[in-house]
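Read through the structure below, which is laid out as structure tokens, and then see the notes.
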Amino acid sequence: MLPVYQEVKPNPLQGANLCSRVFFWWLNPLFKIGHKRRLEEDDMYSVLPEDRSQHLGEELQGFWDKEVLRAENDAQKPSLTRAIIKCYWKSYLVLGIFTLIEESAKVIQPIFLGKIINYFENYDPMDSVALNTAYAYATVLTVCTLILAILHHLYFYHVQCAGMRLRIAMCHMIYRKALRLSNMAMGKTTTGQIVNLLSNDVNKFDQVTVFLHFLWAGPLQAIAVTALLWMEIGISCLAGMAVLIILLPLQSCFGKLFSSLRSKTATFTDARIRTMNEVITGIRIIKMYAWEKSFSDLVTNLRKKEISKILRSSYLRGMNLASFFSASKIIVFVTFTTYVLLGNVITASRVFVAVTLYGAVRLTVTLFFPAAIEKVSEAIISIRRIQNFLLLDEILQRNRQPPSDGKKMVHVQDFTAFWDKSSLLSAVLGELAPSHGLVSVHGRVAYVSQQPWVFSGTVRSNILFGKKYEKERYEKVIKACALKKDLQLLEDGDLTVIGDRGTTLSGGQKARVNLARAVYQDADIYLLDDPLSAVDAEVSRHLFELCICQTLHEKITILVTHQLQYLKAASQILILKDGKMVQKGTYTEFLKSGIDFGSLLKKDNEESEQLPVPGTPTLRNRTFSESSVWSQQSSRPSLKDGAVETQDTENVPVTLSDENRSEGKVGFQAYKNYFRAGAHWIVIIFLILLNTAAQVAYVLQDWWLSYWANQQSTLNVTVNGGGNVTKKLDLNWYLGIYSGLTVATVLFGIARSLLVFYVLVNSSQTLHNKMFESILKAPVLFFDRNPIGRILNRFSKDIGHLDDLLPLTVLDFIQTLLQVVGVVSVAVAVIPWIAIPLVPLGIVFIFLRRYFLETSRDVKRLESTTRSPVFSHLSSSLQGLWTIRAYKAEGRCQELFDAHQDLHSEAWFLFLTTSRWFAVRLDAICAMFVIVVAFGSLILAKTLDAGQVGLALSYALTLMGMFQWCVRQSAEVENMMISVERVIEYTDLEKEAPWEYQKRPPPTWPHEGVIIFDNVNFMYSLDGPLVLKHLTALIKSREKVGIVGRTGAGKSSLISALFRLSEPEGKIWIDKILTTEIGLHDLRKKMSIIPQEPVLFTGTMRKNLDPFNEHTDEELWNALQEVQLKETIEDLPGKMDTELAESGSNFSVGQRQLVCLARAILRKNQILIIDEATANVDPRTDELIQKKIREKFAHCTVLTIAHRLNTIIDSDRIMVLDSGRLKEYDEPYVLLQNKESLFYKMVQQLGKAEAAALTETAKQVYFKRNYPHIGHTDHMVTNTSNGQPSTLTIFETAL
């Protein structure tokens, strides 16, 4: 277990000065690197010492331990929240001051804005004092803006860091706890649950710290704003506030509705993805049965239901966004309508002060405050879950002390627990607490678990497990554990990296690495839990003699085994049965007392014996298992792994292609295709117009207010000359237009939101259907080349993005983009020469965005790649928990976990700081814009009136946060468009031949069932090797043909060629019709296949037998009766309409095979192909299947791919294939007469008795068929010299 970090780059933040810290200049070198090339892990800066996982974890752990003690003394339940508060309150409180300053600045800004507008209202060109004070106000305004720009990001960075620290400390504590859980506690929780705490629950801390301060800042700001508004416009301000407060519950109402819809959608989505998974897994069968249409309908229906729910939740979201967009308009409208109706006069300064103040408070009240409440409640739930986990029982730390006289021993006395053999070992390990009695262990312990455990790292680090590398000893251990040859085969020898869960090693290799780890530890006491069962007989003997008997001969070794041949070597034998000690003694004592081990162990075991898995000879010894079924089951997976080493199935020579990761930008084409998939281009043009209209109405509403105020003030001025009487404007006209514009803004806003969602969700639907159709028509090769996960990912994650996140992000982006454009246009309309400084600002911005994205993409990528080791280390530690504790390696694992956390923190730290670096620079651009507008308007005071300045300035101030958000959303949209690209990539895959052609075979075809192969070559891909070479054969009508050959001889390829799973070269005729000239469905529907691996699909039994509803109930029941499943199905609650579990897992393999047979019986085709199931069917079912095939398909042409020769020895003819060529093709008995034939050799390999029986069967069948008049009693005269029956020769000459 090597530490993860080598010497890393020191963090430049440590030595950075104040200026550099404020503007994040210390990050510049990183951006330069990112501009030149891709960032790698070595480019990341090391973690700050105060952010180290170990430091943070131990700090919080200390507070938690104190809290637990306090609670014990006061007899209360300890509270994790209290521990967290005690640990972090000081540092977090300081950040509250930031919040206070920032929110105050937001409230002060509008006051100074009002003062500047005031100057314009009472504009007097001669008054230089007024001008100077106006300049002073403008300066204060810009300073406020700059403070906001800088403070905001510093504050954000620090609260996010606080969240990160809390998260890291929590993770450290969770992992520490996981290593100490007692077995009882492990029963109360699952690995999945612990990983979930680490992946989901702790993430809430990252979010909660950001919003927490708004819980007090929000209400405070609302009070301050109300007070200021009261001073400005009197009682009318309450009307506006009332609207704001009404909007709050409305939003939360939308939220609740949305989450309920979301959970309904999720169930449909799960069902769709589950079905997709089955389709992709069973695609070969679906293609051979020609069932694509049935599944296409199934998925389309599920998708329809899912989309209707998604549309509804999207409309809700649309309403929510629209209400947010027009909320400020409604508030201002209500306020000023009240104000005017109360008989007050509108002035520009009042209008724009009110607008800006509402703008400030609106964000806090409608966005941050609700978010704070939501995040806090989520965090409290998470804390409660983590607290329950931290309070679970821990294992008692028992010291294994070396005894005073230096004798090493294990002493177990009167020990009672609920146990079998492995429990005895766990008791010695101290994992199992005795209910009474005593276990004492003197000496160091090494333990080898029953299921081999490896962690991700090199093979060498797995064996050393933290010990020093000593070459000589290491080599000796490798040799003893039979790993030498395996390591030579691996590319990098013992430095080969083992993936998660040991993906690069087979089961047997993992078992040996596990053993090697124990031997290398050089402990005093060895506990070996059945290490020999996962390897084959030869290796097993090697391990026992060289490793257990020789290398460990001076140690105390307790070996649990099922293999009785090793008992002779044992110095003490302990036989356990049902957790009781049956007998104890030496081998010779047992022999003297005349006990038969086999019977002793076997008596109770006959009913619990399980079917042997083929391919492992060791299994025969396994059935002597002591009657602990538990240990048998738990070692079955490892046995299957062991089997993999010896027996490889016929593999298609296919290379898995790497998934292409789109680098760089998303092309315009992708956007075009995405929108075009959703609607006709006329609709899209209408959508663009609607968006523009909404924004224009938005701006006009404010402009009308400023125009109104201007008209009012000009009136005031003219009247001033002749006595001061304020004349009223025509209220109805102004108010009427104002109301009209407000209504228009709201309506357009809602309409455009809903339309955008409609188009985009629609396009997601279209693209999904296109992709699914394309997948169904793809050739089988595509599924061999792409792993299931990759294809499924397109349907789950990428389509999920298209359904859910992308429409929302696109709409948000469009909305903010239009607002930014609106702000700039208004400013330019008021002061045209603002356009001049805008150009360089724009260029700087575009360059900045490109420059930032180059680096930020890589940072994001690094963040997600460094996150996964944290989880895999946790789950791997939980799997090897006993091993880790036996070797006392907890400390080392904790260090490793902290190292993984620190590596992730490096990436996370960069993720936080780089985004702040960019944000500060963006806000600087906005601040420049505000400065230009403020001072520009003062310089040009002569030509402007108050309303225009108010409009331009108040808009410029809103730009600050909005521009930021707009750019961030644009990057998000671009990121998510990658999903669209990936989906579009799968919409035009290469297709197989059409399902139907113009030329269709007659409905009765094929009524003979003659198959002719004429010089057929076959390969799976254009560039692949030939798997069938020049195959020519004739299969007559109603003939039964067996197909045999070694693994990889081309048996399955023959069937693939017949079904055209890939197009064959040469000609295949079925009843005078060339198979390549008709559609695939016409061909495949006319042949029945019983596949090697029986596949059932989720859905009803009826759907599984007859997906197109072509048969009556009676026919279905008859078919089920034929295969003896009628009773089974009748016992189900819904009979044939019972929904099956996922992939039919509630039926045994044998029963599933019978369902496949029933399908074949129903199809009544003239040609049947059987890919014989070897592995999984019990003899009774097998016999039944063979019998049914002989009965029901006597009139059919039957091809059988055989793995066991006894099933095809009675065929009419046998094809022997070898490496793709047809070597022999004749009657079985004739082939057996030729001692040189491959078939003869295959039969002989089965052993003498079996071979003789098969030859006898073949002989009987041969004579029954060819010479039915010769009775079996006549002993035929056989000329023994050449093994040919001499009568045969006579008959042939007579013919």
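Backbone N, Cα and C atoms are what each Cβ position is placed from, and that goes for glycine too.
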Per TrEMBL, the range holding transmembrane segment, considering 211-232, 321-342: 321-342
The annotated transmembrane segment range in TrEMBL, which must be one of 92-114, 161-183, 805-827: 92-114
Listed stretch, out of 134-157, 233-254, 321-342, 918-940, that has the most CB pairs under 8 angstroms to the transmembrane segment (92-114): 134-157
Contact check, the transmembrane segment (918-940) vs the transmembrane segment (134-157), 3+ Cβ pairs under 8 Å, seq sep 6+: yes
Within-chain partners of the transmembrane segment (321-342) [C-beta distance under 8 Å, separation at least 6 from its ends]: 233-237, 239-240, 242-244, 247, 250-251, 254, 351, 354-355, 358-359, 362, 366-367, 698, 701, 705, 731, 735, 738-739, 742, 745-746, 749-750, 752-754, 808, 811-812, 815
Candidates 134-157, 233-254, 681-700; stretch with most C-beta pairs under 8 Å toward the transmembrane segment (737-761): 681-700
Reported mean pLDDT - the domain 'ABC transporter' (1011-1244): 81
